[in-house]
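Some notes on the structure that comes next.
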Amino acid sequence: MRPKIPNYTIVNFSIPGANTSNESDHGSIQYELDIENPNQDSGIYYDDIFLMFYHGEDKVGSKTIPSFYQGKDKTRQVIDQVDVETRFWTVLRKAIMNATAELRVDLSTKIRYNTWGIKSKQHGINREGKIPIGKDGKISNKKKKVKLRHAPKKWKQR
């Protein structure tokens, strides 16, 4: 019996104020992350979850979701926002206004499965996803959701 890895999906995403003529020097990213435990007989203990947002090679913001326990077959919604680093805001704003912006989201954490009262060893998880952003500052693809997939080793957090 082998537990399944949790699923991570960005279901809502926006960068308010990116398409206005108001020339502010800072902005924020609003996101909604669904964390789904597909296991019907295993709960999951999460260490802190680290979310990082990149535009090209530049890290425009990061967020830490505190550790928690997720019950069997449950989904947890995390609705939060990240402040965009000031020095990258103008470049990101211009890319959004030209409808050429794409952010990469990296997620990394460690988890332990709790099956029948027995905790497993820690498992490292690294996921990433690319979010195309339209002129309105929201996800621009048809599905409007971005599932975070297995990240290549070179992007793993050190």
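Note: Cβ is positioned from N, Cα and C throughout, glycine not excepted.
Here TrEMBL flags 127-139 as compositional bias 'Basic and acidic residues'. Listed as Cβ neighbours of the compositional bias 'Basic and acidic residues' (127-139) (distance under 8 Å, sequence separation of 6 or more from its ends, same chain) are residues 8, 10, 13-19, 95-97, 99, 101-108, 145-151, 155.
Under the heading compositional bias 'Basic residues', TrEMBL lists 140-158.
Sorting each residue of the domain 'Late embryogenesis abundant protein LEA-2 subgroup' (33-128) by its DSSP state yields 12 helix, 60 strand, 24 coil. The annotation domain 'Late embryogenesis abundant protein LEA-2 subgroup' is assigned in TrEMBL to 33-128.
According to TrEMBL, the feature region 'Disordered' maps to 127-158.
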